[in-house]
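Q: Below is the structure I would like to discuss, written out as structure tokens.
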Amino acid sequence: MTNFEPKKLKNIWTIEDSISTYNIDKWGDKYFSINSKGNISVTKDIKSENKIDLFKLVKELKSREINPPLIIRFNDILKDRINALHDSFFKAIKTYKYKNIYQGVFPVKCNQQKNVLEKIIEFGSQWNFGLEVGSKSELLIGLALLENQNSLLICNGYKDKKYIEIATLARKLGKNPIIVIEQRDEVKRIIQAVQELNATPLIGIRAKLSSKSSGRWGKSIGDNSKFGLSIPEIMLTIKELKEANLINEMKLLHFHIGSQISDIAVIKDALQEASQIYVELCKLGAPMQYIDVGGGLGIDFDGTKTSSNTSTNYSLQNYANDVIATIKDSCELNNIKHPIIISESGRAIISHCSVLIFNVLGTSHVSSKLQIFDKKNQQLIISNLLETFYELKKLKNKKINLSQIIELWNDAKKFKEDCLVAFRLGFLSLAERAYAEELTWACAKEISKNLNNDAINHPDLSEITETLASTYYANLSIFKSIPDSWAINQIFPIVPIHRHLEEPFCKGNFADLTCDSDGKLNNFIDDGKIKSLLNLHKPEEDKDYLIGIFMTGAYQEALGNLHNLFGSTNVVHIDINQDNSYKVKNIIKEDSKSEILQLLDYSSASLVESIRINTESAIDQKKLTIEEARKLMDQIEISLRKSSYLSE
């Protein structure tokens, strides 16, 4: 096997090294970088030089008692994403001489927070940007927030009689709801509502496409997809709308090919099929005006620009070009007027603006020191393990033969296994077993210190890195703040927000606060590759080590749950000023323990009273003094008002 030079440490760690290690310049989309102080910086928009220091911001928020874990939302980035989406479509419309407009909507399910939706409507108002809703509750939000009478309100999801009645009558308020038929029985309900209410809604149809999708949400398309009408069902629906004299209200064709589509070829295939369906609907006599291409516009979480589940092999402009060009070609071939194009791009709009910040509470790692052990009474199997360790130490600063290293490591593993067998049979003491494990770790450390990355990643040695990895204990709940990481193994960019002038020598992963073995983060973006460990710094005593999880704006807050009763974190909305300062626009305080318990039907007052009765009983039995009881009750009442997360 190949001989390797001994591992050499880098003399100076630079900002460029950190940018490369964490791939920030690739996934950051120019919104995130590292400043001269070694801290993460946040840019106002991709064309701006206005930046703020994220680490400084978090420290100053702490001085206001807004502590991690917290979500920081940058309004300027949200605005820039909306601008970028519209700019891309406007450029495509101009390039391809498309004879109509783009008019987008934001899917409320991506982030239902009131402050978020208000900002989206504000930033998109110049383009009549609307909302897409998928339930009666979301419909009520849309009707309340959308005041622009030119904005669209796309009504998707399952629809009962009340849903259809509300959407139908809302048209008389000057709103623009379009009821999208996704199930056959909705046709009958719409006809019934028209007859009973003396009002007519705008109508759309969602088509089930036969085009094949890809990625995690590939089953959103095809004959067995959850929503939409098959082609025979569409034909029957058109017939029934004509018979009910409602065909003139049929305005929109909608399709959806899934979320986070990574391959542009999938989008092109779906567009070609849907465009032809649109053309045929026009030929059947429906006065069509809109084609809603749904969601699916992906973002590049890992920065690789590939067709992997966590990336995309296309840009925002590529996407807009293909949408415009494909629809135009189909319409012009059939002498059909170009429709208004709608998209429901949620993730691409909302993801970048949110950063989840948490602090590290502590770490655990393999022992760095060997115990002093009595060699006279040492068992042979332990002596063999110790001899292997000494053989590895002799290789320090020498040219290393990889086959020799692999042989010694295999010996160490075998001797350790022999020790475990001996312990189970009662031939080794607990202290001897501990010494054997420490010797094995010491062997792994000697190999790690001497081999470069290429060698240590050899299949026969790769487990060494895992063996030596540290666990960093994170002050957050994965199930509450980033549930997609647990549920679907979604990978988010995770980066320390400071100390980037120092080399991150440690390899580690994160464990959250919950009592659940799934509460771990162990998939990371490392130099453009997905790895199980992240380069991290050793936390400094009495100093915060702050980590950022980026691109978390879509779905996470809506999907988060109360596992172990960890509640919502602090949320702060920030505006970046022209002078590189910032303004705190909104603060949404975290859930207190009392508020969380109330959600589950517990009365804080009743709980306190129940515990107080127990303390009185303990006082009577001389188990507790009055002073101890008072202190306990004070702590409980204070705790109920405080965060569910750990504090200093």
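Each Cβ is built from the backbone N, Cα and C atoms, and glycine gets one as well.
Copied straight from Swiss-Prot:
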BINDING   I291, D292, V293, G294, G295, G296, L297, G298, I299, D300, F301  substrate binding site
MOD_RES   K109  N6-(pyridoxal phosphate)lysine
Q: Just to be sure I understand the packing, how many Cβ atoms besides its own are within 10 Å of the Cβ of K109 (N6-(pyridoxal phosphate)lysine)?
A: 20
Q: According to DSSP, does the residue listed as 'N6-(pyridoxal phosphate)lysine' sit in a helix, a strand, or coil?
A: helix
Q: Using a Cβ cut-off under 8 Å and a sequence separation of 6 or more, which residues in the same chain sit near V293 (substrate binding site)?
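A: V293 (substrate binding site) has long-range Cβ partners F255, L271, A274, V323, I341, I342, S343, E344.
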Q: Most Cβ neighbours within 10 Å: which of the binding-site residues I291, L297, I299 is it?
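A: For the binding-site residues I291, L297, I299, the Cβ with the most other Cβ atoms within 10 Å is I291.
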Q: Can you check which residues sit near F301 (substrate binding site), meaning Cβ under 8 Å from its Cβ, same chain, 6 or more apart in sequence, and list them in order?
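A: Once residues fewer than 6 apart are set aside, F301 (substrate binding site) is near W27, T310, S311, Q490, I491, F492, P493, I525, M551.
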Q: Taking the Cα atoms as reference points, how far is I291 (substrate binding site) from K109 (N6-(pyridoxal phosphate)lysine) in Å?
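A: Cα to Cα, I291 (substrate binding site) and K109 (N6-(pyridoxal phosphate)lysine) are separated by 21 Å.
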Q: Please list, in sequence order, the residues in the chain of G295 (substrate binding site) that are at least six apart in sequence and whose C-beta is under 8 Å away from its C-beta.
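A: Correct list: P107, H256, G258, S259, S343, E344, S345, G346, R347.
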Q: For the C-alpha pair, I'd like the distance in angstrom between K109 (N6-(pyridoxal phosphate)lysine) and L297 (substrate binding site), rounded off.
A: 15
Q: Translate the DSSP assignment of L297 (substrate binding site) into the three-state scheme.
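A: Going by the DSSP assignment, L297 (substrate binding site) falls within a strand, counted as strand.
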